[in-house]
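All remarks here apply to the structure that follows.
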Amino acid sequence: MTQVFQGRSFLAEKDFTREEFEYLIDFAAHLKDLKKRGIPHHYLEGKNIALLFEKTSTRTRAAFTTAAIDLGAHPEYLGANDIQLGKKESTEDTAKVLGRMFDGIEFRGFSQRMVEELAEFSGVPVWNGLTDEWHPTQMLADYLTVKENFGKLEGLTLVYCGDGRNNVANSLLVAGTLLGVNVHIFSPKELFPAEDIVKLAEGYAKASGAHVLVTDNADEAVKGADVLYTDVWVSMGEEDKFEERVKLLKPYQVNMELVKKAANDNLIFLHCLPAFHDTNTVYGKDVAEKFGVEEMEVTDEVFRSKYARHFDQAENRMHTIKAVMAATLGNLFIPKV
């Protein structure tokens, strides 16, 4: 009998149906419960997992590592200086080699095409830990966190504030509308999402009964908001744009004034982290000295407020990544969803 997930890669939200995405979220909640109760779930006993990182990471690396170990697998970290992807060796050749040695591959880097080539040529499941276009494992964690707080997803409204063109905004739009969540992008016109991404999300919204709003008007954006979400103003690889982004995005900061506009005491705040909410880092101090900004995408007040759920969200990276790896590699009996 055909298994729904076995042997499949997890590269972008658009590759999955609503039912499949919901299944992975609910499976993650189940695995989280098993973890909390100390019940072993070694679905990947004896498996070897390659963790390829072109981009640095705290949460993605920690989540994949602990998830693999909890599932009984052995994770092997290969950083930017350990692999030859596209430099001394083609991605195709690297994929074919790694596919002979590992049972599954995680990739976190710049190019979506690269993770797709790894999946095409390795012969094993490949999981996208982040590319410049999509961040699908983050979405499972995000929407699990939302569901934990509201008991549902359909009909809720999520507002993303900031750079509407980045991978997180892309993924929130597509995954949210796929799941029946209304997604608002609150961003300057210069950073509105790409038209093809918006059209894709609108197609999902039509099917799920959700809606999409892209606006630079704060009152319009937060009307009916259940979730406020933000991300860093400058993505990895765009560090030369700091001054421009600080000036452009300051009006889109998540602060208490914006929270109050939403007029929802049950509102939650999410951030995929790291967050620049104070000057308690070398990075934060440097930005404050150069640009006179001590709080960037979110104020410290909101970050530490009763609305904040970002550390729950970060923990959920592990549980949702575990669900993806187990479902695609664990030979689990999932004939339909």
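Including glycine, each Cβ sits where the backbone N, Cα and C put it.
As annotated by Swiss-Prot, carbamoyl phosphate binding site applies to S57, T58, R59, T60, Q84, R108, H135, P136, T137, Q138, C272, L273, R317. Per Swiss-Prot, the feature L-ornithine binding site maps to N167, D231, S235, M236.
Annotated features, which come from Swiss-Prot, shown on the structure.
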residue : record                           : DSSP class
S57     : carbamoyl phosphate binding site : coil
Q84     : carbamoyl phosphate binding site : coil
T137    : carbamoyl phosphate binding site : helix
N167    : L-ornithine binding site         : helix
D231    : L-ornithine binding site         : coil
M236    : L-ornithine binding site         : coil
C272    : carbamoyl phosphate binding site : coil
R317    : carbamoyl phosphate binding site : helix
Problem - Cα proximity to C272 (carbamoyl phosphate binding site), best match among binding-site residues N167, D231, S235, M236 - result: D231
Problem - Residue among the binding-site residues M236, C272 whose Cβ has the most other Cβ atoms within 10 Å - result: C272
Handout entry: 8 Å Cβ shell about N167, D231, S235, M236 centroid, L-ornithine site members excluded
Key = L130, D132, H135, D163, N166, V168, V232, E238
Completion exercise
Between the C-alpha atoms of M236 (L-ornithine binding site) and S57 (carbamoyl phosphate binding site), the distance in angstrom, to the nearest integer, is 11
Practice task
Can you figure out which of N167, D231, S235 (the binding-site residues) comes closest in space to S57 (carbamoyl phosphate binding site), comparing Cα atoms?
Solution key: S235
Problem - Which listed residue (N167, S235) has most other Cβ within 10 Å, given these are binding-site residues - result: N167
Practice task
Select the most exposed residue of S57, Q84, T137, where exposure means the fewest other Cβ atoms within 10 Å, treating these as the binding-site residues.
Solution key: Q84
Exercise for the section: Tell me, if you would, which residue among R59, H135, R317 (binding-site residues) has the fewest other CB atoms within 10 Å in the structure shown? Expected result: R59
Practice task
Within 10 Å of the Cβ of D231 (L-ornithine binding site), how many other Cβ atoms can you find? Include all protein chains, please.
Solution key: 25
Completion exercise
H135 (carbamoyl phosphate binding site) sits from N167 (L-ornithine binding site) (Cα to Cα, rounded, in Å) at a distance of 6
Problem - Nearest recorded site to S235 (L-ornithine binding site) by CA-CA distance, among binding-site residues Q84, H135, T137, R317 - result: H135
Fill in the blank from the handout: Integer Å value for the Cα distance linking D231 (L-ornithine binding site) with H135 (carbamoyl phosphate binding site) is 12
